[in-house]
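Participant: Pulled from TrEMBL, these are the listed features:
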| type | residues | note |
| --- | --- | --- |
| ACT_SITE | A:CYS222 | active site, glycyl thioester intermediate |
| ACT_SITE | A:CYS393 | active site, cysteine persulfide intermediate |
| BINDING | A:GLY74, A:ASP95, A:SER102, A:ASN103, A:LEU104, A:HIS105, A:ARG106, A:LYS119, A:ASP163, A:THR164 | ATP binding site |
| BINDING | A:CYS205, A:CYS208, A:CYS283, A:CYS286 | Zn(2+) binding site |
| COILED | A:7-34 | coiled coil |
| DOMAIN | A:338-434 | domain 'Rhodanese' |
Amino acid sequence: MPSDLGSSKAFDELEALRAENAALKQQLSAQNQLPMSLEEFKRYGRQMIVEDTGGVAGQLKLRGSKVLVIGAGGLGCPCLPYLAGAGVGQIGIVDNDVVETSNLHRQVLHDSSKVGMLKCESAKEVLLKLNPHVTIDTYPVRLNYSNAFDIFQHYDIVLDCTDTPLTRYLISDVAVNLRMTVVSASGLGSEGQLSILNFKDVGPCYRCFYPVPPPPNAVSSCQEGGVIGPCIGLVGVMMAIETIKIILDIYTLDNFQPFLMQYSGFPVQTLRTFKMRGRQTSCKACGDNRTISRKAIEAGDVDYELFCGKRKYDVCSSKERISVKELETSYLSPGELNHILLDVRPHHHYNISHLPNTYNLTVKELRDMEGDITRLQSCIPTVHRQSEVLVICRHGNDSQLATRLLKDQFNITNVRDVRGGFFKYIDDMNPSLPKY
Amino acid sequence: MVNVKVEFLGGLDVIFEKQRTYKLNVPSKDDSEVTVGSLIDYIVENMIKNPRDKDVFIENDTIRPGILTLINDTDWELEGEKDYVLEDGDILSFTSTLHGG
């Protein structure tokens, strides 16, 4: 029979062993602490098992990366959910626009209930629902030379999803000064382009490709030129792929070759990858003699507006213009047919909706007639040099150019432009007509 | 004489009767080689129907800023630009830079 003393000793030993065991277990689990939550393993599993991503190590690179997306429109919307979904740890969104109905066919993060809401906030709402593990920062500001550096410096990679040459030069210049890689894309109609700029601070920048900006009249926006949703969407998705590859170090200093991808959606879909020039020694931003420094940009010494230029529309005097109200009261009532109403929008715009008893000739068509009134009469039989002509377009820009042509080249003396154009007329006078 | 394919992308086809690709036999002057420079002259003289559209393609005697020129899918800057000597089967692409987003 064991003595009381013996049994108590055995008990103490057992307790000591238990304590040691618990300490060892704790030590072991501290060594094996998981780098992500079990939920994250599950969430990212399908991409981690693609060997090229580098598994858990690759996933941690994504989680540690900070990506700034400028523009939550036709490119930003399809790109952002793939970045958030893939687990990019911190995503910034710069956009001061609000959602409009005419955006919804391509800007798929937004929906009809969000018309009027800031695009960056609308995007954030969707992305956090998609993946609560990521941080989304929003900047409801228009990017400019004075705020760009403050915003950019919190991130590693910038995505240019903007829509004007001016911001494209600014983004590239700021990124070069901060040694950041830029994924840059654009789209219009059924086509798109994509490129990686200033890759790891050795690749070419936007100015290397385009040292001289295009003339302003050669630049078309989506609002003006139109755009097919899935075509620009595809390019936005490709931006997400390029971004993920940069983060995962699929591109390296050794294997990276400057390129520009060109996508065409119609008539047969094609995707071409053009081999592009490297960094240019003559480049003002990233070359040997740099003049576009952070100091120069922030001081406003790099004049982007002057560099890119603006289209000159303001070519009619106030006497050469009438208001939409005057158009409605004096010219559109039945029986008032002693004047000619000329709509200078593109024909496919005109075909969507237009005012009754109008003629449709574009500015280009008028220009091509070279001031020959007989050629004009072949399209508008009743027109002569004493006719009263009213010119209308979409917003009141092209109609001014046409007014000048009709007066100065065709020598028609009584020509006036409708201020604000067809859309202003619809807004103020006749909201029952379709705007597009 | 050299046989090449020419493409007009990024909306540039509007000044080429909305046709994106053309197969061309470019004649050489006095049996000399045909360069990209002479091809550009040939395009401007023979293919732009409306003389007003020339400004869309050419500025200060070279391709207008905002248009990329590619020789067999490679930036012409890497191939000698206007001095590149064309060979049968070469593909010349001109693409307007897009800005929409």
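Note: Cβ is positioned from N, Cα and C throughout, glycine not excepted.
I'd like these features described in context: how deep, what's nearby, how far apart.
Facilitator: Sequence-distant neighbours of A:CYS222 (active site, glycyl thioester intermediate) (same chain, six or more apart, CB under 8 Å from its CB) are A:GLY73, A:GLY74, A:ASP163, A:GLY187, A:LEU188, A:ILE232, listed in sequence order.
Contacts of A:CYS393 (active site, cysteine persulfide intermediate) defined by a Cβ separation under 8 A and a same-chain sequence distance of 6+ are given as A:ASP343, A:VAL344, A:ARG345, A:SER399, A:ALA402, A:GLY421, A:PHE422, in order along the sequence.
Taking Cβ-Cβ distances under 8 Å and a sequence separation of 6 or more, the neighbours of A:SER102 (ATP binding site) in its chain are A:GLN223, A:TYR436. Classification of A:SER102 (ATP binding site) by DSSP places it within a helix.
Reduced to three states, the DSSP call for A:CYS283 (Zn(2+) binding site) is coil.
Within its own chain, the coiled coil (A:7-34) is flanked in space by residues 41, which lie at least six positions past its ends and keep a Cβ under 8 Å from the stretch.
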Participant: Would you give the longest CA-CA distance, in whole angstrom, between residues of A:GLY74, A:ASP95, A:SER102, A:ASN103, A:LEU104, A:HIS105, A:ARG106, A:LYS119, A:ASP163, A:THR164, the set recorded as binding ATP?
Facilitator: 20
Participant: Relative to the Cβ position of A:CYS286 (Zn(2+) binding site), how many further Cβ atoms are located within 10 Å?
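Facilitator: I get 26 for this one.
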Participant: Check each of A:ASP163, A:CYS208, A:CYS222 (the recorded positions) against chain B and write down, in sequence order, those whose C-beta lies under 8 A from a C-beta there; write 'none' if there are none.
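Facilitator: So the ones by chain B are A:ASP163, A:CYS222.
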Participant: Can you break down the domain 'Rhodanese' (A:338-434) into helix, strand and coil residue counts using DSSP?
Facilitator: 34 helix, 18 strand, 45 coil
Participant: Which residues in the same chain, at least 6 apart in sequence, have a Cβ under 8 Å from the Cβ of A:CYS283 (Zn(2+) binding site)?
Facilitator: A:PRO204, A:CYS205, A:ARG207, A:CYS208, A:PRO211, A:ARG290
